[in-house]
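> Sharing a structure here in structure tokens format.
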Amino acid sequence: MLTNSSRFTTYVSQINNIKFDATFLPVVATSFTIFMVLYKFANPFFSNLLVKSYKNFTITQKIDFSTRINSSINSFTVGTICVYMMIADRGLEANPLLYKSYLLKTNLAIVIGYLFADTAISIIHYKKVGDPFTITHHLVSIYAFFYVLTLDVMPYFANFRLLAELSTPFVNIRWFLDTLKFSRTSTPFVANGLIMTLLFFFVRIVAMPIYWYKVYVVAIQPMWAHMGHFRFILISVCIVLDVINIYWFSKMLRGCIKILQAVFAIKQSQIRTSNSNTSTQQNSNLRTTVHNKQP
């Protein structure tokens, strides 16, 4: 059994001998190709087949529709693997700074390929669907994940950040419902909005202090001093991502409040209408009764 001293020596030796590993780059290329094929061919074909109003969409809506299908496929796949690893892979949490996991590397390769594809689409169609916050988010994520994929550094933190993907399908569902002309006060729209906001809050906002506490715990260990520039990548990238997530959540929260206020106003209007109808009916019944009692 390794002592703390020998374990530390082993870690330092591993850090000093980190080598670039290109093994999973073909997986990145495959992921990129699959998502581009889905965007260009498969998604439009099945959308036209299954969504009656798809043929009436604008070009911008069709581009957005297809990219959001890609986004949902990626987030569901990556999020599921991420949760599994958080639960099942004990070595990941035990070795947060340096650890090789083929499942994690596969997951990262999938998400990097997707991010490259989505960034390319956003740049090509920037005037229609481009968003500087989304592109910045993608490029910063690619930069950080690429280090983990090829150098096996900071694996726990990369997997932790992927938990954020769990909220993405509900963000896309909101857009789908809106585009398909669902009322913003309808039950599906309101229910999805509440789930979306709560899930986004927990996996992206509540997760922040937990994440940074873990960074603190690692930073006070002797190993941290030997991580070199990887420390600054970990901190700077995650600060950028957290700022973007706070900005997105503020917009989401304002939208959620507006919809709940609209729903409340409709309910109040229905109650007033119901009370008015009841009062009118009672007055009518009273007049009928009085009329019937007259000689």
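Just so it is clear, glycine is given a Cβ too, placed from its N, Cα and C backbone atoms.
This is the feature table in TrEMBL:
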type	residues	note
COMPBIAS	275-289	compositional bias 'Low complexity'
DOMAIN	60-261	domain 'TLC'
REGION	275-295	region 'Disordered'
TRANSMEM	24-46	transmembrane segment
TRANSMEM	67-87	transmembrane segment
TRANSMEM	107-126	transmembrane segment
TRANSMEM	133-150	transmembrane segment
TRANSMEM	189-212	transmembrane segment
TRANSMEM	232-250	transmembrane segment
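Just tell me what is around each of these and how deep it sits.
Using a Cβ-Cβ cut-off under 8 Å and counting only residues 6 or more beyond its ends in the same chain, the transmembrane segment (24-46) has close neighbours at 62, 65-67, 69-70, 73-74, 105-106, 108-114, 116-118, 120-121, 149-150.
Outside the transmembrane segment (133-150), and at least 6 residues removed from its termini, the chain residues within Cβ reach (under 8 Å) are 20-22, 24-25, 28, 104-105, 108-109, 111-112, 115-116, 118-119, 122-123, 158, 161, 230, 233-234, 237-238, 240-241, 244, 247-248.
Tertiary neighbourhood of the transmembrane segment (232-250): same-chain residues 133, 136-137, 140-141, 143-144, 147, 154, 157, 161, 164, 200-201, 204-205, 208, 211-212, 215, selected by CB-CB distance under 8 Å and a gap of 6+ residues from either end.
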